[in-house]
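Heads up: the structure comes next, in structure tokens.
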Amino acid sequence: MEILTIFIVFIFGLVVGSFLNVVIYRLPREKSIVYPPSSCLKCGHKIRWYENIPIISYIFLKGKCSSCKTKISLRYPFVEFLTGLFTIFAYLKFGLSIDLIFSLILLYLLIAVIFIDIDFKIIPDEINLIGFISGIIYSFFRQDFSIIDALIGAFVGAGFLYLIYFLYLKFRKVEGLGLGDVKLLAFLGSYLGWFGSLFTIFVGSFFGAVVGISLAYMQKAEDKSRYEIPFGPFLSVAAIIYLFFGEYIKKFYFGY
């Protein structure tokens, strides 16, 4: 019975992942995420329902549009699979609970953030606003985390990152990060609290530094813009790590 439940949870995650693909493509382009129905980006072929079954349709279509045979990006099934996998992880950790609902909201929003920021180097305000509001609402249902904790977490996270933004702009005369990242920390802080916010910033910065230095070394580009990388994905990955392992991280750090 548990295996069947996990399978259903996975299918649910795949369906959400399919929708996230629409969000990732349309939201930064300021297009409606509900209308019109999905179509081939090259020939305009309207995708039928049986051509839009998560992962399965991609396999049967051999990764190509059924009309013009243009290759379909592997990212689409990847996002679907990743969303399904994280949905299972969240279910196994939180069970059927209010914690599961809000952890899934957090995860789904962060998946969208990761891929939108990679493509466009922006984090839509809509995502940050929905995330922040949902984090505040979630605080009313948590036993060991109040709305004060949520607000402090948002303030500490966004405030600390804004300080970095301000100092970098003042002394280097360029933006070291975007204000979307600052807003993202307000959203994440409302979920993770002040300690989770700081963990996200420092671990995300570490991940970003490792990847950035590696890319700079491999490309050896004279134009630094060639290997400029968005910060949002690294913050998102760090936040996901804290979501699943936060209690162990705090226990290790504080000793209780």
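Glycine too: its Cβ is placed from the backbone N, Cα and C atoms.
As written in TrEMBL, here are the features:
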| type | residues | note |
| --- | --- | --- |
| TRANSMEM | 6-25 | transmembrane segment |
| DOMAIN | 11-94 | domain 'Prepilin peptidase A24 N-terminal' |
| TRANSMEM | 98-116 | transmembrane segment |
| DOMAIN | 104-213 | domain 'Prepilin type IV endopeptidase peptidase' |
| TRANSMEM | 147-169 | transmembrane segment |
| TRANSMEM | 190-217 | transmembrane segment |
| TRANSMEM | 229-249 | transmembrane segment |
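Regional average pLDDT for the domain 'Prepilin peptidase A24 N-terminal' (11-94) in the model is 91. With a cut-off of 8 Å between Cβ atoms, the residues of this chain six or more beyond the transmembrane segment (190-217) that come close are 102, 106, 131-132, 134-136, 138-139, 145, 149-154, 156-157, 160-161, 224, 227, 229, 231, 234-239, 241-243, 246, 249-250, 253.
DSSP labels the residues of the domain 'Prepilin peptidase A24 N-terminal' (11-94) in these numbers: 47 helix, 4 strand, 33 coil.
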